[in-house]
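According to Swiss-Prot, the protein carries these features:
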| type | residues | note |
| --- | --- | --- |
| TOPO_DOM | 1-10 | topological domain 'Cytoplasmic' |
| TRANSMEM | 11-31 | transmembrane segment |
| TOPO_DOM | 32-62 | topological domain 'Extracellular' |
| CARBOHYD | ASN48 | N-linked glycosylation site |
| TRANSMEM | 63-83 | transmembrane segment |
| TOPO_DOM | 84-87 | topological domain 'Cytoplasmic' |
| TRANSMEM | 88-108 | transmembrane segment |
| TOPO_DOM | 109-125 | topological domain 'Extracellular' |
| TRANSMEM | 126-146 | transmembrane segment |
| TOPO_DOM | 147-150 | topological domain 'Cytoplasmic' |
| TRANSMEM | 151-171 | transmembrane segment |
| TOPO_DOM | 172-179 | topological domain 'Extracellular' |
| TRANSMEM | 180-202 | transmembrane segment |
| TOPO_DOM | 203-220 | topological domain 'Cytoplasmic' |
| TRANSMEM | 221-241 | transmembrane segment |
| TOPO_DOM | 242-252 | topological domain 'Extracellular' |
| TRANSMEM | 253-273 | transmembrane segment |
| TOPO_DOM | 274-283 | topological domain 'Cytoplasmic' |
| TRANSMEM | 284-304 | transmembrane segment |
| TRANSMEM | 306-326 | transmembrane segment |
| TOPO_DOM | 327-347 | topological domain 'Cytoplasmic' |
| TRANSMEM | 348-368 | transmembrane segment |
| TOPO_DOM | 369-394 | topological domain 'Extracellular' |
| TRANSMEM | 395-415 | transmembrane segment |
| TOPO_DOM | 416-460 | topological domain 'Cytoplasmic' |
Amino acid sequence: MTGYSTNMRIKLPVFCLLLEFITIILFAVFVRYDHESDAKQWHDEMRNHSVQNAENDFYFRYPSFQDVHVMIFIGFGFLMTFLKRYGFSSVAFNFLIAAFGLQWSTLIQGFFHGFHDGKIHVGIESMINADFCTGAVLISFGAVLGKTSPVQLIVMTLIEVTLFGINEYIILNIVGAKDAGGSMTIHTFGAYFGLIVSRVLYRDDLEKSRQREGSVYHSDLFAMIGTIYLWMFWPSFNSAITAHGDDQHRTVMNTYYSLAACTLATFGFSALLNGEGKLDMVHIQNAALAGGVAVGTSGEMMLTPFGAMIAGTLAGMISVLGYKYLTPVLDSKLKIQDTCGVHNLHGMPGILGALIGAIVALFATAEIYGAGMEDVFPLISDGSRTAKQQSLYQFLALLVALGFAILGGLVVGFILKLPIFGTPSDAECFEDAVYWEVPGGEGHQQLTVVINNEDPDTQA
């Protein structure tokens, strides 16, 4: 591959500052505080409707927002630090994507969900939704980790966030599906979007960088930090925007038990599939989280604790099997280079979660939900749909998510192939020193080795 220029001195400032300038202008024109964060409107409501400060939605939602925010910036960031020479980039590019993504998604989701009287009204719930949208982009980032420049990642974020907003609006508002924890809108969409981008950006000579694609002892320990943070806070992620009361309570419980069961299944299958009965840290770091994905759609439904445990067990099994057998096939046969294995942690468990949601919706009755049907399945509650119809619409939503992911990934992949974004060469992948000042002179030495190992005819 020829013609590479990884120097970010002009490219990165232009993209970062220009996009931030545009975002600020759009915020100035369109974005306003919602009625619970606007000083005049909130105090008028307190005076006219005898509302207390303690009833402000901030106090109900902010604890969940904190947990979700930690997942986005620490959980996802450190989960990707397993690469031995890519720790700076894993954490910091995650930081960059999330910082831009949450601003852009505030605008995109605001146009679809919070646009009134020509303005976007934002509050604590819109901040949570912006983090959710960013989570989908970070999942896609995992599929192309180590093989893209920061400018490519910013461009991917810009377009993917826009497509996420459209996809989410269609699924939730037009199809009328339920997906509070994002099995379809976040995990399935983000995973398959990233996989298709990775396929379009396929590198024939990635073997030149394979020696850096693995982990070392301390990098796997750092990645486990991300795993533990994600595992602890996933109940908040799935329940953050569900209705107050029993819905949120039930979602936390279902996620809690699903994750626990998934972890045991992961340990068991990891040892079972190893000829010497040893555990694989890749499985523990990733597959143990699949239980949270698997109940993203059904978490607020009457899944039952044992049903959540079954879902988690299945997710753990599927994820470990995927890492062991499917990832190599995707690489060798389908030419999909999935660095983090997002297909196994988010893709397949996301589809499983969508199917579980469709099955549970099929059995939604007034006897089971009572008056709670209005919160969980409002279209069944008001007679617009039967449980069978809701189940079919849940399945249709999965197809919509997959369709947007595949088509969107194709378009974005071809855009990112343009030679102006400073992508690393095949011999420079998975290497921090390409884009970072690495302390102690280590970066210069390592980059010299990288360049010297590259064939002469591939030099820019």
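Backbone N, Cα and C atoms are what each Cβ position is placed from, and that goes for glycine too.
Keep in mind the model is a prediction, meaning the values are calculated, not measured.
Under DSSP, the residues of the topological domain 'Cytoplasmic' (274-283) split into helix, strand and coil as follows: 3 helix, 0 strand, 7 coil. Neighbours of ASN48 (N-linked glycosylation site), defined as other CB atoms within 10 A of its CB across all chains, total 8. Here the transmembrane segment (88-108) touches the transmembrane segment (151-171). Their Cβ atoms form 3 or more pairs under 8 Å, with each pair 6 or more residues apart. In this chain, the transmembrane segment (126-146) touches the transmembrane segment (180-202); three or more CB pairs sit within less than 8 A of each other, excluding pairs fewer than 6 residues apart.
Of the Cβ pairs linking the transmembrane segment (151-171) with the transmembrane segment (284-304) and spaced 6 or more residues apart, fewer than 3 are under 8 Å, so the two regions do not touch. For the topological domain 'Extracellular' (369-394), same-chain residues at least 6 beyond its ends with a Cβ under 8 Å from one of its own Cβ atoms are 175-178, 243, 246-247, 297, 300-302, 354, 357-359, 361-363.
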